[in-house]
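Accompanying notes for the structure given below.
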């Protein structure tokens with residue numbers, strides 16, 4: 001199976017609780033390689049741009065306000081079947097419904113403050129990684 005990439009965001013709630021290190025360590029234990037990483041504080045306009053597909057939905061303003069309230073940690077991660085595996089490791093969007101041991105179950109508080117964001121499919125991952133990282137910022141894949 002070929003290597004795949006996905007975007008991970010450690011959201012403001014998890015950053016404020018100083019759980020980013022534990023989350024990154026867990027992702028590495030699960031076989032993800034960090035290909036790019038940066039800590040940034042999104043402006044409201046940047047958050048609106050990233051979540052543009054949700055514009056017009058009832059939760060959009062609250063989401064944008066939350067994501068721009070304090071720094072986040074964005075990462076381009078790589079492994080086989082990265083998107084699906086990441087979704088499995090982070091768990092359901094609602095921490096109350098997430099499986100035991102998943103990142104959202106361990107570190108999330110509610111549907112809005114659920115610790116992490118993850119791409120939902122490979123095409124989305126490519127777009128999301130490009131939103132945060134210029135091509136030269138992402139380490140190339142290892143060759144055999």
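Glycine is treated like the rest: Cβ placed from N, Cα and C.
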Binding-site annotation, Swiss-Prot, ATP: partner of 11, 59, 87, 93, 114 in 69, 104, 127: 104
Cα-Cα distance linking residue 117 (active site, pros-phosphohistidine intermediate) and residue 11 (ATP binding site), given in Å to the nearest integer: 7
Those binding-site residues, out of 59, 87, 93, that come within 10 angstroms of residue 117 (active site, pros-phosphohistidine intermediate) at the Cα: 87, 93
Cβ-Cβ neighbours of residue 104 (ATP binding site) (radius 10 Å): 26
Among 93, 114, the one of these binding-site residues whose Cβ has the fewest neighbouring Cβ atoms within 10 Å: 93
